[in-house]
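Shown next, in structure tokens, is the structure this report addresses.
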Amino acid sequence: MPTLDARLRLPLAGLSPATTSFPGSTPKPGSLSFALRPPSASLSSSASAPAAAAPPIVVVGSANADIYVEVDRLPLVGETVAARAGRSLAGGKGANQAACGGRLAAGPTYLVARVGDDANGRLLEGALADAGGVRLDRVARAPGAPSGHAVVMLMPGGQNSIIIVGGANMEGWASGVGSDDLDLIRRAGVLLLQREIPDWVNVQVAQAAKGAGVPVILDAGGMDAPVPGELLSLVDIFSPNETELARLTGMPTETFEQISRAAGACHKMGVKEVLVKLGSQGSALFIEGGEPIRQPIIPATEVVDTTGAGDTFTSAFAVALVEGKPKEECMRFAAAAASLCVQVKGAIPSMPDRKSVMDLLESVQVE
């Protein structure tokens, strides 16, 4: 187990500017000129339809009411600026990933989460029900704790800055995760985690998954705190963006070679697979002892809002993984889902359905 000095330190989620089209990470300006795959490659027919009897996807994580304000720029200290518009939408990394899984997966997708007994909690439950495909019987109301919420300052070009209030996401787990939920996790095809709930909850559910041979994917986004070595030891795939990777390793990530070395540092800490979201440069999967698998972005027609793009990418990757797809195919599927996500405002409202993802993949293949 890593020592305290070897723990990973991560940044606050959502505090990076947006990119031209991305699977959630630090943006880089530039034109959209990437192709999905080399001309000689082809999309296997197995990707066109989900597996008939895919096991459930279980997401344990946060649910937030996202309060959107559209501004031309962020206010300076002591300054008040007028917003062009404002509204409340459902979000949170856990809810986002569950909503995406619900729309893409063949089998059921469960969200294990905590919300407050308040208007925001009802907003979240209603939005997830409307999203379709998400089982909500594992979402519990936390007495005395407000629902988590976030203020999303959306700027022109899809750039955003986000401030999160944990609420029930952090305060609603006093009794931990119940035995029924742990049994569900042991039967899952994959367990998706993030860092917007307490680490000890993530450890509890990851232990249940690990003991049953269920793959665990940990999205690095969330609290700015060290990742406990106990949690790292239970993770099969660790997924930071490039900013998070630089912060957690203390190493530069400006070039692919630097990113590769930083991923290698994660391997030395016990993480076997590191799935890095690289903004306008796409994504890369670093498997210990193997060659990196690279996936370019799929260009978006127009980037409207990058909120939730990283969650879409991670969830779509997990969906394809549960269906038994090769890792290269998982990454193509995830890239297509993220490209569609950034073209719609909001997090959960922007999650694409499977037909849209497959149509995009087929159109790029033809090109």
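Every residue gets a Cβ built from N, Cα and C, even glycine.
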Determine which of Asn202, Asn241 appears in TrEMBL for the same ATP site as Lys277, Leu278, Gly279, Ser280, Gln281, Gly282, Gly310, Asp311.
Asn241
Rounded to a whole angstrom, what is the C-alpha distance between Ser280 (ATP binding site) and Asp66 (substrate binding site)?
25
Between Thr307 (K(+) binding site) and Ala95 (substrate binding site), how many Å separate their Cα atoms?
13
Can you name every residue in this chain, apart from Asn64, Ala65, Asp66, Gly92, Lys93, Gly94, Ala95, Asn96, Glu196, Asp311, with its Cβ inside 8 Å of the center of the Cβ atoms of the recorded substrate site?
Gly61, Ser62, Ala63, Ala90, Gly91, Gly148, Ala150, Ala347
Here's one to test understanding: among the recorded positions Leu278, Asp311, Val344, whose C-alpha is closest in space to the C-alpha of Ala95 (substrate binding site)?
Asp311
Counting other CB atoms within 10 A of each CB, which of the binding-site residues Asp66, Glu196 comes out lowest?
Glu196
Between Val344 (K(+) binding site) and Gly282 (ATP binding site), what C-alpha distance do you get in Å?
19
